[in-house]
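What Swiss-Prot says about this one:
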TOPO_DOM  34-421  topological domain 'Extracellular'
CARBOHYD  N57  N-linked glycosylation site
CARBOHYD  N126  N-linked glycosylation site
CARBOHYD  N243  N-linked glycosylation site
REPEAT    278-299  repeat 'LRR 10'
CARBOHYD  N362  N-linked glycosylation site
TOPO_DOM  443-515  topological domain 'Cytoplasmic'
MOTIF     512-515  motif 'Involved in DLG4-binding'
Amino acid sequence: MGLHFKWPLGAPMLAAIYAMSVVLKMLPALGMACPPKCRCEKLLFYCDSQGFHSVPNATDKGSLGLSLRHNHITALERDQFASFSQLTWLHLDHNQISTVKEDAFQGLYKLKELILSSNKIFYLPNTTFTQLINLQNLDLSFNQLSSLHPELFYGLRKLQTLHLRSNSLRTIPVRLFWDCRSLEFLDLSTNRLRSLARNGFAGLIKLRELHLEHNQLTKINFAHFLRLSSLHTLFLQWNKISNLTCGMDWTWSTLEKLDLTGNEIKAIDLTVFETMPNLKILLMDNNKLNSLDSKILNSLKSLTTVGLSGNLWECSPRVCALASWLGSFQGRWEHSILCHSPDHTQGEDILDAVHGFQLCWNLSTTVTAMATTYRDPTTEYTKISSSSYHVGDKEIPTTAGIAVTTEEHFPEPDNAIFTQRVITGTMALLFSFFFIIFIVFISRKCCPPTLRRIRQCSMIQNHRQLRSQTRLHMSNMSDQGPYNEYEPTHEGPFIIINGYGQCKCQQLPYKECEV
């Protein structure tokens, strides 16, 4: 029994399907007309630096990317990009945009990246980004924004990076970032922020990096960062911060890097770093610190890198706690930590000053000395004022009114430095000795023919000198009369012994012996 297959579609239906397929193939080609002055690659339009004063009309509603960088666009009107509903990225940086109307980006539901940096935007309506529900990267840096509406970023739940650098922001509205639950990077640097609201960063549960450098902040209470439970890096350099406090007892276990360079910090709360048990990098260069309490230093247990240069370190017994901590610190510091006062220690490394001027009795124990020394010009002696010092948790008072008469104070040479110099010199001599041996060995290996010729010439010269000496000796011996005189008394040969030994001679008529 055979099987018979019958095509269920007739000829008219097949023709209709074929025509539809042809039309579908032609649609992309019909919509791919490139805007004038633009460069198009598939569905990406590049219209950079072409002198546009407004957004060109869409010629392809299916375009995925549009770049209008470095043009002369001054305003973004309402529904300006309604015909670009498929855009995934839009670059409008380096224009002259000053006005952005409400719903200017309406219809861009698929947009993931929006760049508006380097314009003249001074105000943004609260509904500007409402419909950008898939936006991940927003750049508003280098504009003229002085304030932000509290609901400006509402609905941006997929936003991951937000750049607000180099504007004129003075405050951060409460709950401004409440809906930005996916934000990981926030840059608020180079603004005019003077203070931080307590709930200014509420909602940023995934934020890992926060930039607040180059502002006008004067006080920092780390309790304001309580909601930043994932923060890894905090930049606070080049502000006007003079005091660091922490108004709450909590643990900030995620923070690993804190940069406070270039501020005016004079005092630090004793417990401020106890909230950061995993802090690895602490930079406090170029501040106004003159000492650090041992409790602050002992709380930095996970630190691997520290920056403390450019401060007003007072190299007196008050610096002993810092010197002891630096001596046992296993990590590295970025720059040299130098004394600022008193004058005779200015410019000296702290550790060198402590050893050279014997500022601390024992660096193996954490000592915070509160005693101060000063010079009395009338009596010419050094006086130690009554005070106390701390060894561990015990306070030990010093004796008041102790006076030590002296005319001049010269620091004794440091034995450790002397020993180090001796070791260094010995090592240098040993190195020179082995270097010379090495050069000789290389010369013998690399130049044997030359050495052989030198040796042969030396042997020939020695041989010639030996022959000359032998001839001279023979001449001297001949001058002394080597033959003995004799009187012939008989005929025939006889034996005569002279200076050259025994020889047999023949008697001759004259008094000589012929060998």
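Backbone N, Cα and C atoms are what each Cβ position is placed from, and that goes for glycine too.
Positions of Swiss-Prot features highlighted on the structure.
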residue	record	CB count, 10 Å
N57	N-linked glycosylation site	7
N126	N-linked glycosylation site	14
N243	N-linked glycosylation site	16
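N57 (N-linked glycosylation site) sits 26 Å from N126 (N-linked glycosylation site), taking the Cα positions as reference. With DSSP states grouped into helix (H, G, I), strand (E, B) and coil, the repeat 'LRR 10' (278-299) comes out at 5 helix, 3 strand, 14 coil. For the repeat 'LRR 10' (278-299), the model's average pLDDT works out to 94. When the Cα atoms are compared, N126 (N-linked glycosylation site) and N243 (N-linked glycosylation site) turn out to be 35 Å apart.
In three-state terms derived from DSSP, N243 (N-linked glycosylation site) belongs to an extended strand segment.
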